[in-house]
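**Student:** What TrEMBL lists as active site, proton donor is D206. Under the heading active site, proton acceptor, TrEMBL lists D386. Residues or ranges marked as substrate binding site in TrEMBL: W118, W254, N289, W349, K380, E384.
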Amino acid sequence: MVDDQLYKTCRPSVLIITDHHFSNHLPHIIYSSQVTMRALSLLAALSAAGATVTASPVGPAHAPRALSDSNPFVGKKLFANPKWASKLEDTYKAFTSRGDSENAAVVRKVQKIGSFVWVSSRSGLSEIDEAIQAARAEQSRTGQKQIVGLVMYNIPDRDCSAGESAGELSTKNDGLRIYKEQFVKPYAAKLAAAKDLQFAVVVEPDSLGNSVTNSAVEFCKQAIPTYREGIAFAIKSLQLDNVAVYLDAANGGWLGWGDSLPKAADEIATILSMASPAKVRGFSTNVSNYNPYLATKRDSFTSGSPSYDESHYASSLAPYLQQHGLPAHFIIDQGRVAYPGARKDWGDWCNVNPAGFGHIPTTDQSVLQNSNVDAIVWIKPGGESDGQCGLKGAPIAGAWFGGYAEMLTGNADASVKNS
């Protein structure tokens, strides 16, 4: 954590131009915080030409706010989820039973490191309440401002290509309406009521990657319109002063190739145009994956890609986003990182062995060395299985995988051991 910075937001009123003669040439909504003398002159000219100019609040649910350009993670502690920490108790006991005090001590350090809380079903909305209660208690106990990391992960037809993390909702069974009314709305309402806490929300991991690269899969092709509409609705619903929204942008191995980068930016622009005038702070990458932030040794399967690690992926995608007028801020998951040579292909994503807990969450640019990156974070809680794949005996996705947690501990990054 580095020095505190002010995180300022405001709820601007807007000016709405209602004359249809100008509808094909000018945006209908102009944020009052962005109006300059040039804009005022333009509005005066429009008024003289007969256009009606009125002030109006933005709605319906939460008014979009003028986003601060401040990094929301700076000056805050990423909330350490006590529910995840409790799962690591068995890992601690496993090491102590073998007399391995060194790795047992590492477990105790891991338990204090912040990680994101996944909310992946309607019944799982209670996870938000528990996180809020625990974060408030920690904030009160330590006096240290908390930022609670959450993952929104319940889009209908989820994980349309791999299927290991298929969810409860289906487009064919009214899933999009249910997603909006029974998942997104109460999700947003809980955050709106917790104004004393700051949140960072990662929106729907893998959906963008599937939309960009898997349209040849019939199920994915049918899911894309649902992904777009559902995610746009989620972004609009999360326009809260205490929430920073990060749309998931897959990872460098998936979308970081030269021909995929502009397609990824185009798809992001499509979704955000549907969400307009709502905004995102930026994008999450490497969620639940194993790519290093800065590769110490380049794997052979990355040959020909400008995005051979996640920092380079952020730098590669950034200019394509900026061409669309979009923000180029990133948070990058380093909860688990594969050892060099552990994977034969970038498509190896399931319970990779060997791997270790990655660099601890940080906003320190001496570590990040990339002004586009807001923070290294831990989004996927290490020790939870990726699915019944990768390693023999692996449980279903999300279930605790004790042996894997032990491996991650033994291979933990030096920053973990020194924390």
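Placed from the backbone N, Cα and C atoms, the Cβ positions cover glycine too.
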**Student:** Could you work out which of the recorded positions (D206, E384, D386) has its C-beta surrounded by the smallest number of other C-beta atoms within 10 A?
**Tutor:** E384
**Student:** Would you count the other CB atoms within 10 A of the CB of W254 (substrate binding site), including those on all shown protein chains?
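**Tutor:** So the Cβ neighbour count for W254 (substrate binding site) comes to 26.
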**Student:** Report, in whole Å, the straight Cα-to-Cα distance of D206 (active site, proton donor) from W118 (substrate binding site).
**Tutor:** 14
**Student:** How far is it from E384 (substrate binding site) to D206 (active site, proton donor), counting Cα to Cα, in Å?
**Tutor:** 17
**Student:** Please report the distance from the Cα of D386 (active site, proton acceptor) to the Cα of W254 (substrate binding site), rounded to the nearest angstrom.
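**Tutor:** Cα-Cα distance, D386 (active site, proton acceptor) to W254 (substrate binding site): 17 Å.
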**Student:** Using C-alpha atoms only, work out the spacing between K380 (substrate binding site) and D206 (active site, proton donor) and round it to an integer in Å.
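**Tutor:** Their Cα atoms are separated by 13 Å.
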**Student:** Give me the Cα-Cα distance between N289 (substrate binding site) and the residue listed as 'active site, proton donor', rounded to a whole Å.
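**Tutor:** Computed Cα spacing between N289 (substrate binding site) and the residue listed as 'active site, proton donor' is 11 Å.
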**Student:** For the substrate site as recorded (W118, W254, N289, W349, K380, E384), determine the largest distance between any two Cα atoms, in Å, rounded to the nearest integer.
**Tutor:** 22
**Student:** Reported as an integer number of Å, what is the Cα distance between W349 (substrate binding site) and the residue listed as 'active site, proton donor'?
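**Tutor:** Computed Cα spacing between W349 (substrate binding site) and the residue listed as 'active site, proton donor' is 12 Å.
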**Student:** Applying a 10 Å Cβ distance cut-off over all chains shown, what neighbour count does N289 (substrate binding site) have?
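**Tutor:** By my count, 26.
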**Student:** Whole-number answer please: how many Å between the C-alpha atoms of D206 (active site, proton donor) and W254 (substrate binding site)?
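**Tutor:** D206 (active site, proton donor) to W254 (substrate binding site), Cα-Cα distance: 10 Å.
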**Student:** Around W118 (substrate binding site), how many other CB atoms lie within 10 A of its CB?
**Tutor:** 24
